[in-house]
Amino acid sequence: MSTMHLLTFALLFSCSFARAACDPKIVNIGAVLSTRKHEQMFREAVNQANKRHGSWKIQLNATSVTHKPNAIQMALSVCEDLISSQVYAILVSHPPTPNDHFTPTPVSYTAGFYRIPVLGLTTRMSIYSDKSIHLSFLRTVPPYSHQSSVWFEMMRVYNWNHIILLVSDDHEGRAAQKRLETLLEERESKAEKVLQFDPGTKNVTALLMEARDLEARVIILSASEDDAATVYRAAAMLNMTGSGYVWLVGEREISGNALRYAPDGIIGLQLINGKNESAHISDAVGVVAQAVHELLEKENITDPPRGCVGNTNIWKTGPLFKRVLMSSKYADGVTGRVEFNEDGDRKFANYSIMNLQNRKLVQVGIYNGTHVIPNDRKIIWPGGETEKPRGYQMSTRLKIVTIHQEPFVYVKPTMSDGTCKEEFTVNGDPVKKVICTGPNDTSPGSPRHTVPQCCYGFCVDLLIKLARTMNFTYEVHLVADGKFGTQERVNNSNKKEWNGMMGELLSGQADMIVAPLTINNERAQYIEFSKPFKYQGLTILVKKEIPRSTLDSFMQPFQSTLWLLVGLSVHVVAVMLYLLDRFSPFGRFKVNSEEEEEDALTLSSAMWFSWGVLLNSGIGEGAPRSFSARILGMVWAGFAMIIVASYTANLAAFLVLDRPEERITGINDPRLRNPSDKFIYATVKQSSVDIYFRRQVELSTMYRHMEKHNYESAAEAIQAVRDNKLHAFIWDSAVLEFEASQKCDLVTTGELFFRSGFGIGMRKDSPWKQNVSLSILKSHENGFMEDLDKTWVRYQECDSRSNAPATLTFENMAGVFMLVAGGIVAGIFLIFIEIAYKRHKDARRKQMQLAFAAVNVWRKNLQDRKSGRAEPDPKKKATFRAITSTLASSFKRRRSSKDTSTGGGRGALQNQKDTVLPRRAIEREEGQLQLCSRHRES
């Protein structure tokens, strides 16, 4: 009997245990709904989920309450009616009320404190995306800011690039603005203007007047119903709701009071099933059921808290369950596919695109979550237009930014009266100048501030032409930082911003860049370039080595060794001619014995002959007579002809033509490819050339060298080349060729590389880009660009000299004139020597003649005395005495000069030797004359 009882007890225990193991787990789901009707819908949705997922071993249990008008009451109800039931999640609706009494905020705060997930059903406010406030909040609808994605897609479909964003300065407006700006940034675009107003403001006229002055005609509005109504009324008064305008708004802006004042033609959005609370209840229950099933398959799952009892009752599995919910993908939803993003908002949502026609909203398209599908034939645009507005108006007042870069843009200070000085081009036409504001770099030493200045040049003439052709006015200013534009890091972060003219254009400070801006890929990613108005490349500027002529420049054709050999040859040949003619038996060609010896070739004549043949001066006398000497003379003449011809050819090369200089051969020159501190080259900082060298891997070595020496502007670098501080400057060929043509000490060298062009820069969304390119192409065709090129770029001063026939100057031939002057001085010096020598020789001859005359008289007198003749004639006696006295005084003067000489130099000894024989004879004669005279007197 006891055994039977034991078996019965075991059977009952096993059956109860099996029943417990087979029973599904009860999962409570809470809900805070707007009405009792929606509570019933919630319970039905839970039952449908249990039937649909009966095999999941879970059973959902519905626990719900309705909204309370008081936040404290609502929080207490959540604790007492829902959390106390150990709910895994709470669904909450957001019924529209005038003062928004039925907000889900108390539910979100209370459940979030205990980490219980909350699923919003119709809550659209963007504040619930902030997870620092609403920690566990998810929703099956997107926030209002999600409408920015639809606006952005409509901009893409209709090619609207000019927009004005008009938003209220509250959380909703800022969220919409942030999302739209993020999308525009991905498209490398931006709103032309963002206008904000305070919520509840009653006067937005000034704000709309500012919008009316902009180019954009597409206005995107994000505001509450009442604020939207205020904007619509002001826009109607300013005639901003008519033809040409486009108004894109969201769901609030075409609801309630806003719809009463909304203009016909406005385009709004309505979330499909956005207010269908029952549909969202069904989808939310399905998402929770799927997430609970996934959660229970994990380990270490704890049950939700039972009631609101301090902070020790926080659900530890709550954050995990929230992550499971956020990763859920519920494809069978009534409202479509349900997924959540990282903020817990619904990722994909469908919208109806509504058009207000005759005060009624008409659906004219849909947004399927990724693309806009419009029905253009049904759309009536503002002003009753059926054609899509272009979305902008052509502003007739453009802000032009440029940069000082001659010859494209000259910058000069204005006169005292604020006007520009009148000047004329090389063609005699007046220079067209415009007033441009910018830093006063033209006044060194003065404080740097913006002042009116005069701008003119190639680009200014082009701007005037474009303005006249396309009917716009302009105001010109110089770029503030003096740079063309490159990207640089902001505060050492990864974010980069453009500086220079590029930065001013992209930031809206300028509408157009009219300057020698190089077209390159990096810039073209951010701005729109026109067709090139000037094709060019990069080249290298160096200083020209001007040859300096010296006094011995006429001797440069021959080396000093050759000159020495030529001079030696002249004298050797002269001596050989003299010797050959002297020793040749036929050298004198004496016809008879009476021919004088002076007719023969002397050494002096031989020298004259040798120099005369070499210098081609003609031979008047002293030609060799012997055949052997004449053979040598002919050979010497041939030698002289070759020497003179070679000298003449080389003289022209040295004096007339420029010497070939050792310049840079181009970008591949070894001095550039293998940089050193002995050869410095550079370009302009943060320019297109700098970008080019930085991007080219094969030029990295050159870039590292240049980076240390780059200059702030091209003008500074060019001056550094002239001052020998920089050996080579790499820059745009158009600019450097012009500088080399104006400054004759500079020259460009090497072939062009990195060929590109100069273009006019505009923003990507500029309405002028097509017209500007067409105008430039027409200017090329009709020769206007060629005329500008001749007037400004090809106007040269140095080339006219270099292309003219080369002529010799006094500087080249100064040495020759000095040679002539030296010959004159030498001739004058020698003539004095010749005169002195001649006088000395004549004095000696006269003395000899007197001596011989005295001797003859004495001899005659002596013969007369021996023959016994009478006393000599008194006249003869007087003559004899005069001769003897003259001779005596002459001899005395010679002796006194001899005694006063310094020790009897070598010249005196030689003179004594030359005159020793006749002097002794004269002395003997003098002694005899004195004896005769004493004898006669006695």
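Yeah, the Cβs are placed from backbone N, Cα and C, and that goes for glycine too.
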Additional site residue, Asp481, Asp669, Asp723, Asp732 [criterion: listed by Swiss-Prot with Pro516, Thr518, Arg523, Ser688 for glycine]: Asp732
Selected from Cys15, Cys22, Cys308: Swiss-Prot disulphide partner of Cys79: Cys308
Membrane-side pairing of Leu601 with Lys764, Swiss-Prot annotation: no
Disulphide pairing with Cys420 per Swiss-Prot - partner from Cys454, Cys455: Cys454
Partner cysteine of Cys455 (disulphide bond, per Swiss-Prot) from Cys436, Cys459: Cys436
Nearest of the disulfide-bonded residues (Cys79, Cys420, Cys454, Cys744) to Cys436 (disulfide bond), judged by Cα-Cα distance: Cys454
Whole-number Å value for how far Cys420 (disulfide bond) lies from Cys308 (disulfide bond) (Cα to Cα): 83
Least buried by Cβ count (within 10 Å) of the disulfide-bonded residues Cys308, Cys454, Cys744: Cys744
Residue among the disulfide-bonded residues Cys420, Cys436, Cys455 whose Cβ has the most other Cβ atoms within 10 Å: Cys455
Under 8 Å by Cβ from Cys79 (disulfide bond), counting only residues of that chain that are 6 or more apart: Thr110, Gly307, Cys308
For the topological domain 'Cytoplasmic' (625-630), residues assigned helix / strand / coil by DSSP: 4 helix, 0 strand, 2 coil
Pairwise CA distance, Cys744 (disulfide bond) versus Cys454 (disulfide bond), rounded so that it is a whole Å: 27
Conformational class of Cys79 (disulfide bond) under the three-state DSSP mapping: helix
